[in-house]
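See below for the structure under consideration.
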Amino acid sequence: MLTWLRELSDWVWQDRLWFPAGLGWADLKDRDGLVFAKGSDLWVIFPIAVCFLIIRQIFERTVAVKLASLLRVREKPRVRTAPNTTLEFYFCNASKFPSQSSVEELTKQSGCSVRQVQRWFRRRRNQERPSQIKKFREASWRFTFYLLAFIAGLCALIDKPWFYDMEEMWNGFPTLPLLPSQYWYYMIELGFYISLLFSVATDVKRKDFKEQIVHHVATILLISFSWLVNYIRAGTLIMLVHDASDYLLESAKMFNYAEWRKTCNYIFILFAAVFILTRLVILPFWILHTTWVYPLTIYPPFFGFYFFNGLLLVLQCLHIFWAVLILRMAIKFLPGNDIVEDERSDREETDSDEEEEDHEKTKNGFVQNGNGHTVLNNNHHHSKTD
């Protein structure tokens, strides 16, 4: 078994797969005072990720809570459901959104009316939705990291020639010496994304949950791979582009939870502009163009070239997906709309929702069922800013 794994490893890490012809891992050995990136360096990201998880818990329980109090983040009162064994069993084991036929069956089993069953499920769903404080704490943690990461990345790159001339990313590739600032920038970014992957099960879940998982995995693979094959200059630029807008989105969320609507909207406009500029203009037309076109003028194409750019294309597709959501939210800035709504999350249901549906059904000619109760279909989702 060990022999087979060793042979597999030797085949996967062949020089001809990951480097241009005539170059390989031997060219990345430390020499003459120059230090190069090594695969063994990546082991440090796991203790860093654990440190991030610990720091996050301390931050959210202290700094974030005090900041929420300072901004007067209020928790919306929620009506708790009355104990009902039949409905609770169905909610936990069958569905949180019962169909019309299931509601009618549950009315017979529980002795409640249709409206009471529907109200019970609506309130029970609200009980499981994350609180405003929890969402504020998460947003404030991400805001703090993204802002500090962007400032640190900018300081590390502002005096580098490849920050201004993209072709400098490949000048001397793959024998590009490693700088201390690059090392820590990589390890901290990787550790943070690993920590996000560890905490995704307990974080607030949104409609783009699967896309977020794909994004985290693709980002970790991209950063790790760029480290292993010494695409570090390109990697630092890509990380900086991503950090440039993320902290603005998180700060907009924070002010939204605090109900500072105008401040939230202004920041969101700024975020949308920076997001589109960095991820739909700079990333594809400057960085990706250079990673696709310029290397081919120096070396013949090789597998690592296609693999690296393939991961970048996955990220770019996700950026387009999120850009559509951002534009849909931007529509809400039209006259008469003063709240930024997050298309990715469900809004909390209220008893007035039922009254609104009754009004719509009456207006459109709907009739009541045989039991004298209006049957409402609750198997749907609404969205608002999370």
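Just so you know, the numbers here start at 1 and follow the chain as drawn.
In case you wondered, yes, glycine gets a Cβ from its N, Cα and C as well.
TrEMBL: automatically predicted annotations, no manual curation.
For the transmembrane segment (42-59), same-chain residues at least 6 beyond its ends with a Cβ under 8 Å from one of its own Cβ atoms are 140-141, 144, 187-188, 190-192, 194-195, 198-199, 224, 227-228. The feature transmembrane segment is assigned by TrEMBL to 42-59 (among others).
The DNA-binding region annotation in TrEMBL covers 72-132. The average pLDDT the prediction assigns to the DNA-binding region (72-132) is 77.
If you look up TrEMBL, you'll see 134-335 marked as domain 'TLC'.
Counting residues 6+ beyond its ends, the transmembrane segment (143-163) has Cβ neighbours under 8 Å at 59, 63, 169, 171, 179, 181-182, 185, 188-189, 192, 233, 236-237, 239-240, 243-244, 246-247, 250-251, 254 in the same chain. If you look up TrEMBL, you'll see 143-163 (among others) marked as transmembrane segment.
As annotated by TrEMBL, transmembrane segment applies to 183-201 (among others).
What TrEMBL lists as transmembrane segment is 264-287 (among others).
According to TrEMBL, the transmembrane segment annotation covers 307-327 (among others). Non-local neighbours of the transmembrane segment (307-327) in the same chain are 208, 211, 214-215, 218-219, 221-222, 225-226, 229, 231, 238, 271-272, 275-276, 279-280, 283-284, 288, 291-292, 343-344; each lies 6+ residues outside the stretch with a CB under 8 Å from one of its CB atoms.
Here TrEMBL flags 343-386 as region 'Disordered'.
Annotation source TrEMBL lists compositional bias 'Acidic residues' at 348-358.
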